[in-house]
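J.: This is the structure I want to talk about, given as structure tokens.
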Amino acid sequence: MGNWMPGWSSSGSLGVPPMPVQKLEKSVQVNLEPDEKCLSQTEVSSVPSQKLEEYIQANLKPDEESLKQIDQAVDAISDLLCSEVMIDVLKVVKGGSYGRKTVLRDCSDGTLVLFTGLFKQFQDQKKYQDKLLDLIEQRLKSHEKYKKSVKRKLSLLEVQVSIPGQSILLQLLPTFNPLCISENPSAQVYQNLKRSMDQVKASPGEFSDCFTTLQQRFFEKYPGRLKDLILLVKHWYKQLQDKWIIPSPPPLLYALELLTVYAWEQGCQTKDFDITQGIRTVLQLISQPTNLCVYWLDNYNFEDETVRNNLLHQLNSPRPVILDPTDPTNNVGKDDRFWQLLAEEAQEWLNSLRLNKPHKPCWDVLPMPFFITPSHCLDKFIKDFLQPDKVFLNQIKRAVDIICSFLKETCFQNSDIKVLKIIKGGSTAKGTALQQRSDADIIVFLSSLDSYDSLETERSQYVQEIRKQLEACQKAFNLGVKFDISKWMAPRVLSFTLESKSLKQSVEFDVLPAYDALGQLRSDYTSRLKAYKKLIELYASQDSLKGGEFSVCFTELQRDFIETRPTKLKGLIRLIKHWYKQCERKMKPKASLPPKYALELLTVYAWEHGSGTDGFDTAEGFRTVLDLVIRYRQLCVFWTVNYNFEEDHMRKFLLTQIQKKRPVILDPADPTGDVGGGDRWCWHLLAKEAKEWLSSSCFQVEPKSPVQPWKVPVVQTPGSCGAQIYPVVGGVY
């Protein structure tokens with residue numbers, strides 16, 4: 001370190017000192033019409049939602065040429081300090097808003113992190129940073145160009161970098177580089193961080209600047225439009241600072257940036273998103289600070305014991321919790337006093353946005369991760385965050401009634417085709433819908449579809465006809481309809497989004513034409529046998545048919561199989577579906593996961609064989625389903641509620657089905673539908689996620705008392721269902 005280093009005082013910085021709040025200057029008016037100039041002079045919360053994007057471009061985004069000049073000025077400072085032998089700069093990294101490329105027009109913040117070879121460990125930074133700041137200050141003030149722009153306040157050294165129209169208040173930070181040669185942090189890095197913090201009694205997050213390289217990398221992967229949304233949130237926050245008497249803590253600005261990233265990641269992940277939906281979602285999250293718990297596992301995870309213990313300690317801290325994705329000790333969301341003020345302001349802006357048309361709903365984002373929900377709180381989690389309320393369900397019902405009325409009375413009125421019946425399917429009909437998931441399935445049984453063959457060959461033309469009629473009639477019905485583009489040449493389903501004045505938000509629909517295989521006597525076991533016999537004969541004659549090809553014909557049976565179950569079991573199904581959605585989001589590139597219906601059936605199976613009671617423990621049920629997913633290679637699950645082994649043709653077919661490659665999960669409504677699918681889907685990815693979830697707080701009653709799964713066989717045999725048939729394979733637990 002040099003002979004002069006040991007003589008320095010050991011009293012160091014108490015962490016990143018607070019930056020002074022900068023009063024936001026008036027926005028520059030750019031290309032605004034006379035009647036729009038007021039937009040740049042008013043509170044952002046008063047800007048009409050349809051004008052927000054224009055407002056960002058005209059008032060918040062800095063000029064690119066100005067930023068280039070700022071970069072040149074900052075690079076000049078870097079070069080000057082790198083040339084100073086006594087500072088021993090190994091590497092310079094730009095941080096703060098400047099480094100994250102979330103700079104607001106006019107004035108913004110930034111850091112210049114100087115990784116120095118003089119600091120060999122975290123403790124050195126704590127001991128000697130102030131002395132090194134003295135040296136840097138002297139070097140800059142000795143330069144004619146910088147002596148007037150350098151300011152020193154205790155442990156804070158700043159340089160004002162300004163050009164006409166843009167300025168950056170740059171904080172200079174000599175720092176230890178824990179990454180050294182490696183670009184990615186190992187668990188050892190975070191172990192050293194925790195040990196060093198304990199030794200020198202450092203504050204949480206005090207060494208977060210050491211990870212500025214990771215922070216910069218974390219933000220650079222996100223699209224420019226997301227950074228536009230971040231600018232909007234930051235500008236709103238800056239305007240609020242002018243209203244508050246006490247300056248808010250600087251980490252709060254970073255917390256809002258991270259919260260905006262979280263909202264986009266969890267709810268959208270598309271580059272060309274709607275800014276209004278984005279800001280609604282962020283405001284919705286801000287308005288519930290006592291529920292906020294946000295973190296990432298990009299740079300650290302739960303695998304190492306030291307890191308895991310620290311991470312779980314942080315995640316179980318009082319809300320709000322927003323962890324720095326590069327430093328697990330740094331909760332940038334703490335300080336509930338200001339969050340309450342923010343929550344009130346966010347709700348006020350949210351209410352004003354709701355008055356603007358068209359209404360753009362929030363993305364489906366929860367304020368806290370499911371992973372850290374304690375086992376005893378799972379039922380409350382389901383009720384608060386997953387179970388839809390009556391208003392939502394009535395909304396869906398009204399939308400379904402609109403489409404059903406159109407199909408029955410209008411769509412085929414000028415043809416000989418009759419609508420035999422319309423069945424409401426999907427999660428809404430089964431009673432397992434999730435909050436904010438405004439979708440509905442409608443199955444329309446047509447007289448002209450009188451066989452499985454006719455359904456196979458003609459359904460695409462009826463999809464086109466329904467679309468044609470809906471397009472023609474939407475004005476008469478005062479509807480707004482946006483059709484999804486099908487990737488299939490001959491689509492089996494018509495997917496569209498419905499908007500109406502009678503609906504508070506848009507609703508997504510799937511309409512499927514179907515053959516009425518069960519007829520009006522669907523409760524008659526004989527009619528089901530006939531329908532299944534025809535289906536099996538068709539499969540025997542056509543090798544190209546995939547299993548479940550005609551499952552739409554048995555939607556009523558699928559619906560009734562789930563809908564009649566206890567309310568608490570349907571809550572567990574919601575929990576499993578939410579878990580599945582989280583797994584789905586993590587898959588990059590998108591993987592072909594098993595259908596959600598397979599997980600629903602597995603949940604019912606786990607409950608039937610593990611509990612069977614209305615008052616079961618939700619954590620135990622959840623744990624059991626994950627255990628079955630982990631053991632997917634052994635799974636063989638089926639039911640005999642709608643078909644069984646008694647009839648010869650059915651018995652032979654079922655014995656063939658259950659001898660297929662695992663996993664096998666037969667649709668209880670359609671014996672040809674194996675939603676387990678063997679190798680068809682990526683069960684191994686789902687199993688990997690399930691294993692990682694075993695360390696979740698959901699399964700911890702006490703530190704050394706994990707929740708245990710129910711004892712459920714992974715293999716269902718004909719004998720276990722009461723059939724007098726020698727088991728194909730033995731039951732396995």
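Heads up, the Cβ atoms here are built off N, Cα and C, so glycines get one too.
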J.: Select one of S415, S427, S705, S720: the residue that Swiss-Prot places in the ATP site alongside R574, K577.
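T.: ATP site check in Swiss-Prot: besides R574, K577, the record includes S427 out of S415, S427, S705, S720.
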J.: Select one of D364, D379, D384, D510: the residue that Swiss-Prot places in the Mg(2+) site alongside D439, D441.
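T.: Swiss-Prot lists D439, D441 binding Mg(2+), and from D364, D379, D384, D510 it also lists D510.
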J.: Only counting partners 6 or more residues apart, tell me which same-chain residues put their Cβ under 8 Å from the Cβ of S427 (ATP binding site).
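T.: Residues satisfying the criterion: A433, L434, R437, D439, K577.
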J.: Measure from the CA atom of K408 (N6-acetyllysine) to the CA atom of D441 (Mg(2+) binding site) and give the result in Å, rounded to a whole number.
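T.: About 16 Å separate the Cα atoms of these two residues.
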J.: Determine, for the Mg(2+) site, the additional residues of the same chain whose CB lies within 8 Å of the mean position of the CB atoms of D439, D441, D510; present them in sequence order.
T.: G425, G426, A440, I442, S495, E508, F509
J.: Within the chain of R574 (ATP binding site), which residues six or more apart in sequence place their C-beta under 8 angstroms from its C-beta?
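T.: For R574 (ATP binding site), the qualifying residues are I382, L386, Q387, T432, A433, L434.
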J.: Using an 8 Å cut-off from the Cβ centroid of S427, R574, K577, can you name the remaining same-chain residues around the ATP site, in sequence order?
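T.: Everything else in range on the chain: L386, T432, A433, L434, R437, K570, I573, I576, H578, K596, E600.
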J.: If you measure every Cα to Cα pair among S427, R574, K577, the residues listed for ATP, what is the largest value in Å?
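T.: Taking every pair among S427, R574, K577, the longest Cα gap is 10 Å.
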J.: Do you know which of the binding-site residues D439, D441, D510 has the most other C-beta atoms within 10 angstroms of its C-beta?
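T.: Result for the most crowded candidate: D441.
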J.: Out of K408, K577, give me whichever of these recorded positions has the highest number of other Cβ atoms within 10 Å.
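T.: Counting every other Cβ within 10 Å of each candidate, the maximum falls on K577.
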J.: At the level of the C-alpha atoms, what whole-angstrom distance separates K408 (N6-acetyllysine) and D510 (Mg(2+) binding site)?
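T.: Cα-Cα distance, K408 (N6-acetyllysine) to D510 (Mg(2+) binding site): 16 Å.
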